[in-house]
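In what follows, a single structure is set out as structure tokens and then discussed.
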Amino acid sequence: MAEDAVAAVPTEPTTLRKPRIKKAPDLPILERRNWLIHLHYVRKDYEACKALIKEQLQATEGVCEYAVYVQALILRLEGKIQESLELFQTCAILNPTSPDNLKQVARSLFLLGKHRAAVEVYNEAARLNNKDWEICHNLGVCYLYLKDLSKSKEQLNLALQLHRQELSTMTLGKIHLMEGDTEGAIQTYLQALQLSPESTELLTTLGLVYLQNGLFQKAFEYLGNALTYDPSNYKGILAAGCMMQSHGDYDVALSKYRVAASSVPESSPLWNNIGMCFYGKKKYVAVSMEMYYLFSFVFSIKATSSLDHPEVKVFHITVF
């Protein structure tokens, strides 16, 4: 009958097939041990890392880029800058489109004091990646060493536009101070503090700038904040002790210097200021002993000079 419903034809239930587990792709021989090399490197197990690198390079006839790259990093850590430069240049030949390889070549040139050559390589790396703040920052530092302050500021400002971070801000503030623009340096540091309010380096630097300009209340505020976050901050302790010493609070200053001496006993400004505290207290025998220790330290690290060590200003309170 037409009114009868059409019965659905029963069908056999379909069996669900388990998905096949995909086999991990076989890595080419050039890259097969990269993960293990990386693992030993980040664990700072450099001897095992170098042994693996040697095996990998023998197996690949020296054309494994990553193995050569890590070997160059280890050589740099060992202080063999020239050897690391040659290996990074090899990496750049193996992969000329990698900005990281060029950055490492430039870094080695910078460490060798070849700042102009480093600028050229960094500029080449920037052409491959113009959004890398690290390249801009390092260019700014290179130009600073070349005394080209305008180009240095330009690159540092570009680095800060790409990524707001403390390192470029500190260098930019230093340039402002070199140019005598104290207000510009202070504004730069204050802007950086908005992003890193707990940075002891920024707080200490601001405190020192205020101290050198006679703004003792501001200096005390920022140095106090720095010591709150890091009570062992050597520069902060020395600067705070200097302020107390300049106001005649010799015992309080000596208590600060005692803390600093436990962490940085080789500091010539520290012993200079300790001697001046005893001088202010009219304990001249103690002054003679402190000056003896100070000069012994200076002569031990710079035997060819007399009292021209850059950190020593005898009979003056020193901060740096």
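Using the three backbone atoms N, Cα and C, a Cβ is placed for every residue, glycine included.
Keep in mind the model is a prediction, meaning the values are calculated, not measured.
Feature annotation from TrEMBL assigns repeat 'TPR' to 166-199 (among others). Here the repeat 'TPR' (166-199) has Cβ contacts under 8 Å with residues 133, 136-137, 140-141, 144, 149, 152-153, 156-157, 159-160, 205-206, 209-210, 213, 229 of the same chain, all six or more residues outside its ends.
Across the repeat 'TPR' (200-233), mean pLDDT in this model comes to 89. Look at TrEMBL and you will find 200-233 (among others) tagged as repeat 'TPR'.
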Count up the helix, strand and coil residues in the repeat 'TPR' (200-233) according to DSSP, in that order.
27 helix, 0 strand, 7 coil
